[in-house]
Amino acid sequence: MGNRGLQPICPIESRLPPPDPEQIPLRTLQFKRALLHELRKGNATKEQIRLHNLVQQLPRAIIIGVRKGGTRALLEMLNLHPAVVKASQEIHFFDNDQNYGRGIDWYREKMPFSFPHQITIEKSPAYFITEEVPERIFKMNSSIKLLIIVREPTTRAVSDYTQVLEGKERKNKTYHKFEKLAVDSGTCEVNTKYKAVRTSIYTKHLERWLKYFPVEQFHIVDGDRLITDPLPELQLVERFLELPSRISRYNLYFNATRGFYCLRFNIVFNKCLAGSKGRIHPEVDPSVVTKLQRFFHPFNQKFYQITGRTFNWP
């Protein structure tokens, strides 16, 4: 299924066979988290970097989407694993022509320091829907593992709208109601030109990726379940990334005030997601919700068929 005419533009670490999970000194890594934390803040010395054999590695897995699917939550939760190191910011290397033009070394320098046997992961949700990205990632590493986190498509579209609306309100700008954007007033049909709708047609975007990568290189994460019961989803990702199972119930605790699970790295270090997560969605006309659900239904069926993962979406 892949496009084998393309050659990777550089030999990279992930062409090496994955380390035997039992050989990863995970306990050592737990103790050295503090050092990596200092590095992120720019406080570690060159001597420490040399002494601990730290490197900046190209990612061996990328969370490519989808926007408002839970990409930040997934990245932060995977970072609980001692063999995973995350890029803190969205790099936007493959979806931004200017950044891509800066070359692979620029991209590598945006990656966090890690131990050689750790896996670096980045997330940029715009990758999933940007046409040029599959070919560009394939050229970097044709065997990379790709993570897609999805939510029920109509809910995701409303969440997308809500984030944009909040940005407009902050700048004292007015914005159309969701119903006006999602439905074409002339035809009364779903407006597929509206980006929030288009992004939720998951199968259309995935088909473009499948021209370059076999379906086995993708793992679909249930973004709705990641909110309500994250551990089973994280264990599936550990298996997909061929990591020893290390994330446990201890690492996740429910914060009743926020209505979200927070992360417990160890006895002293806890972390909750930013307050902007879990925004209250505006009320949407039920007839528009039904229209969108009917519109997405055939695309959802195809998505289940391709990925082998079925959801209870309407």
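For all residues, glycine too, the Cβ spot is worked out from N, Cα and C.
Some features that TrEMBL has for this protein:
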- 59-303: domain 'Sulfotransferase' (DOMAIN)
- Lys68, Gly69, Gly70, Thr71, Arg72, Arg151, Ser159, Tyr261, Lys277, Gly278, Arg279, Ile280, His281: 3'-phosphoadenylyl sulfate binding site (BINDING)
- Lys68: active site, for sulfotransferase activity (ACT_SITE)
- Cys262-Cys272: disulfide bond (DISULFID)
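Features per TrEMBL, on structure.
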residue	record	Cβ within 10 Å
Lys68	3'-phosphoadenylyl sulfate binding site	24
Gly70	3'-phosphoadenylyl sulfate binding site	27
Arg72	3'-phosphoadenylyl sulfate binding site	18
Ser159	3'-phosphoadenylyl sulfate binding site	21
Cys262	disulfide bond	16
Cys272	disulfide bond	15
Arg279	3'-phosphoadenylyl sulfate binding site	13
His281	3'-phosphoadenylyl sulfate binding site	13
Reported mean pLDDT - the domain 'Sulfotransferase' (59-303) | 94
Which of these binding-site residues is closest to Cys262 (disulfide bond) if you go by CA atoms: Lys68, Arg72, His281?
-> Arg72
Write down the Cα-Cα distance for Gly70 (3'-phosphoadenylyl sulfate binding site) and Cys272 (disulfide bond), rounded and given in Å.
-> 14
